[in-house]
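Enquirer: Got a structure for you, written out below as structure tokens; questions coming shortly.
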Amino acid sequence: TAPEDVKHVTLTLPENNVITVSCDYKGHLFGPKKIYRARLNNEEVHENKNCDFEFRDLSYSTNYTVVVCIILFCNSSQYSYFTAHLLLDAVILNDVLSLQVTVFNGKLETLIGFLVFLIILTSVALLWVVYKIYILKRRNLQQWSYTLPVRKTLLPVEPIVADVLLDTYKRKLADEGRLFLAEFQSIPRIFSRYTVKEAKKTCNVPKNRYVDILPYDYNRVQLSTGNGEAGCDYINASFIDGFKESKKYIAAQGPKDETVSDFWRMIWEQQASIIVMVTRCEEGNRVKCAQYWPTPDRETEIFEEFIVKLNSEDQCPDYTVRRLSLTNKREKNSEREVTHIQFMSWPDHGVPGEPHLLLKLRRRVNAFKNFFSGPIVVHCSAGVGRTGTYIGIDAMMEGLEAENRVDIYGYVVRLRRQRCLMVQVEAQYILIHQALLEHNQFGETEISLSELHSTLSTLKQRNSDNESTLMEDEFDRLPTFKNWRTFNTGITEENKKKNRSSSVIPCEYQLQTLCASNIGSYLPELCTTINGCVLLSSQGYWGPRALITAQTPLTDTVDDFWSMVYQKKASAIVMLSDCSEGDKESVYWDEDKKTFGEIEVEVASTDTCPAFIRRNMLIRHVKRKESRLVKHFQFLKWESSELPEKPQDLTDMIKDIKHNCGGSKSQRSMLTVVHCNDGSSRCGVFCALWNLLDSAETEKLVDVFQVVKTLRKERQGMLSKPVRKSTHSQQSITGLHIETITFTPTDSLELPINLSMFLDCERSWRTQRKPTHKNPRKAGTQTRDLPAVR
């Protein structure tokens, strides 16, 4: 019988570098003896009675061929082996098992295993980091999400009574504003129970300026007209409640180019007559809002069915008032008047430095309100931060006047329930407190020109000889700002000799730094300082840098003075001191051409007037060819250190300066250097008068208190010495004759200005037409140092 094939040959790897071979042969074999033989790659041969073999010390990545056969022995071993071998060749022909087995060296496997473990560990770590980043982003999004619950607990903040408003403000501001921060952070940024489904519809998403600032569905402004298209009733705007009046405001985002027509449709349907814009169209090279009104060059614009016409535009330093006509082409006799007030003094970053500017804006807005007006539309860019701040100030002012207390925290929570992120940052939350504090301490201090004389008479009355007047009480309420700024540079040994008076030194942030101008380069090691102080926009009325107040130059500082005039590109110099101040000479020019340091000065012409001398001076840098014209005005009628003999003379010179420097529009951008003996006393009077006359001409009102307060804040010694003179019937408390003169800025406008009010260099006035306190003097006892705006 022919031998059969060996069946079921199997190989296994029980451990590293080892192969085991086994088989199972169930056929019939002939012969007295049989053995199983396994051959590995025709080299290593193993024999065994059972078909079980083991091969050790194998190499990795090597091909092995294992041949398993059965050998039968008959008469002689050699013959039998050979015969059997031949038979085996036939038997195992189909039983040759070839396979590629990869085995691993022990040490190498450990290394590879470690590498694999390291890779796995790194992958897990990376996945964990990615997961944590995802969780962190998701938590941040929860503050902006409109579906996730807000886990914030409101604090039990009590309303603030007016009498303790200042103390409460100081307490919350202490320790770097810790209490302010705690209050603000406890207010939820959004309220997730209010849905925003309409704002998230596909057709409405492009209408939102910011994807995370959306109006709640329950109080959004719905447009009732349209062409029937999907989303035609949507606009990113929300109704906001006032102090007690429902839907008094509409808080809206700044219109986009594609939503301008929707914005005007909202104005039309809501019958709004006042728009308050608390942003500029562009800030920091970023578009904040589309210009949705006509310009003076193009007085009429058409936005679909709405025609908008610009009737007038009045520009003031802090705001612009536009009178607009709005007409709907689909309705007959439908023209309406809309007042657009744009606030221009909100900086790109932070908040306005003077809270009274927002109180002033509020007064302008309220002046245009009437009983039939619809909601006041307030918008910035997103319609939440600045918008919420203005609305908060307006509403809380009503509460302060009505109940003599304010609940700022509670109202901001109400605002957030009506529109997300209203009062967006902590600084805006603090600004609301500062504005209310400003009003509570000082009241409304503006005086219209039509009421100027009657107000002055009221302020100067006293009930008895021992009682102070309202004017004197007003002066006592002026903040001193003693510790508001540092003066380190001005008091160094090197700079002490540059100061005429040790009591009047410019503070750090206003100190005039002069640099050696080698080809116009800035060389810090060559920089020097001069006793000069920039008065910024609120002090110069027009422009970001309008006035520099300085001391009259000393002999050793004349070069520095002319370098300042040249480097700052001053257009005019006003000299309020005598040519000789005490024992110190103060003439810093020559009738002939003369060089001071690197600046060549030449007097081109001289005109002598009764009260002042006007000179045209040509100044040139010695390394440059072109000359620059500087107007020089020397006032002659201020012999004493207190007040000029005739107020009219000072007014005449101011009129002449404005006329000779290009008129009212040109002088808005020009820089004027004003100097006196100490750079403070007479300069303060001049700057106050300069700003008040500009205000009278532009806004038809004056605010002496705020002008003086701001000047005091900017420089030491300005309008700071109360002096009570004789009670002669022809003298006021400042020693001036009470005389009314006429200031005529244009041929068509005459503004009666009583300079006895403006030229009080010892005190300032205010009108308290609706005083917060019945006793103004009592109210002033709390306000020696108003905390600085942060």
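Each residue's number is its place along the chain shown, starting with 1.
Any Cβ shown, glycine's included, is placed from N, Cα and C.
According to TrEMBL, the protein carries these features:
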| type | residues | note |
| --- | --- | --- |
| COMPBIAS | 766-777 | compositional bias 'Basic residues' |
| DOMAIN | 180-439 | domain 'Tyrosine-protein phosphatase' |
| DOMAIN | 359-430 | domain 'Tyrosine specific protein phosphatases' |
| DOMAIN | 471-730 | domain 'Tyrosine-protein phosphatase' |
| DOMAIN | 648-726 | domain 'Tyrosine specific protein phosphatases' |
| REGION | 766-790 | region 'Disordered' |
| TRANSMEM | 111-131 | transmembrane segment |
Enquirer: When DSSP states are grouped into helix, strand and coil, how many residues of the domain 'Tyrosine specific protein phosphatases' (359-430) land in each?
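Expert: Helix, strand, coil within the domain 'Tyrosine specific protein phosphatases' (359-430): 44 helix, 6 strand, 22 coil.
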Enquirer: Averaged over the whole of the domain 'Tyrosine-protein phosphatase' (180-439), what is the pLDDT?
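Expert: Across the domain 'Tyrosine-protein phosphatase' (180-439), the average pLDDT comes out at 94.
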Enquirer: What is the number of residues in the domain 'Tyrosine specific protein phosphatases' (648-726) that are helix, strand and coil, as DSSP sees it?
Expert: 47 helix, 7 strand, 25 coil
